[in-house]
Amino acid sequence: MFRTGMVRTLQRRANFSSLDTERNDILRKIYAPFAKLTKDSPEYNALAESGTVWEEYFQPGDSERYGYLKLQKLYTPLLEGIDAQRACIWTPRSRMFHSLIAGYAHQSVFIENNKLLLEHSQIMDKHLKNVFPDLAMPASSLSQIALPEAHCLLPNEDASQVAELRNHIVASRWVTDAALRNLKTAGLFEDEIRSLSALLLRDTTGEKLYKSGWGGKTTLGDYRPTPIQVKSNPLTIFPYHLEVPACMRRFIQWRDRVTREKRLHPLIVACQATVYFLHIHPFFDGNGRVSRLLMQDYMIRHGYAPVVIKDLDREDWRN
């Protein structure tokens, strides 16, 4: 038994070592333009802060390269069918979209392994509607609202998970209202995205990353101050922290441009924008939840209901 355990441990170490070598090879290839520059020199920092090295290598806004144009062509009949069905819906969109908030918020935190039930989300949504009958405020004001404490909402449940779901319900309500006031527009501004990120993490375990993260104390809503990688796929290369602000600015510019051009169907744009944002991974934590708010916002602005998947399998989504 001991020998078997040792063999497995050595195999895992060998696998990690191999992945580290492969990852470093990829990084050297991507960031080759830095090889001739002195680290921390003005030229080095200017290139890093431009974000162009990571972006030109991956080209996350290239709809043809990543198959979105092909996908749109393949599913044109389905997209046309969705639009035809949408035209036949007589239920006021505001009422319909608001009725989906509890389900959409629950689905989003469920993907992050939150154990609370849909029934919990429905109870909280009803309570929060009474506490905040009107969320017509700038996104920057969301950090100042006095949210009900977790133990007052669901006293017998994990406080962090209750706060996570509470935050997402409030964020989803704000997004729904903002989108309905700005129909047919491109979407959230960068400062609004950062404010929503801050709201999503209030009173959760994720907030601790910002207070004691390895990059030093960081304010909720700020972009990450360090490089990152994910254990589930160490070969995924996110932009370095110095690149993130520029990458986020160009993400917004890309989304605005493709919305104006109308070359892509809104549902295809919503999908690509979600993936584009996740590839930047601008925050310490909560990137998945923010990405789903971005999708919700874009779909509502263009007249589509956010997707609530019945009997969602968490691993299917994450894979």
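Here the Cβ of each residue, glycine as well, is placed from N, Cα and C on the backbone.
Per TrEMBL, the features are:
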ACT_SITE  H281  active site
BINDING   D285, G286, N287, G288, R289, V290, S291, R292  ATP binding site
DOMAIN    188-319  domain 'Fido'
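Neighbour list (G288 (ATP binding site), Cβ cut-off 8 Å, at least 6 residues apart, same chain): S108, I111, E112, L278.
If you average pLDDT over the domain 'Fido' (188-319) in this model, you get 92. Other than D285, G286, N287, G288, R289, V290, S291, R292, the residues of this chain whose Cβ falls within 8 Å of the Cβ centroid of the ATP site are, in sequence order, E112, S197, L200, L278, F283, L293. Each residue in the domain 'Fido' (188-319) gets a DSSP state, and the totals come to 75 helix, 0 strand, 57 coil. Counting in whole angstrom, V290 (ATP binding site) lies 10 from H281 (active site) by their C-alpha atoms. The binding-site residues recorded for this entry are N287, R289, R292, and the Cα of N287 lies nearest to that of the residue listed as 'active site'. Annotation for G286 (ATP binding site): spatial neighbours S197, L200, L201, G206, criterion Cβ-Cβ under 8 Å with sequence separation of six or more. The C-beta environment of N287 (ATP binding site), restricted to residues of the same chain at least 6 apart in sequence and closer than 8 Å, consists of F277, L278, H281.
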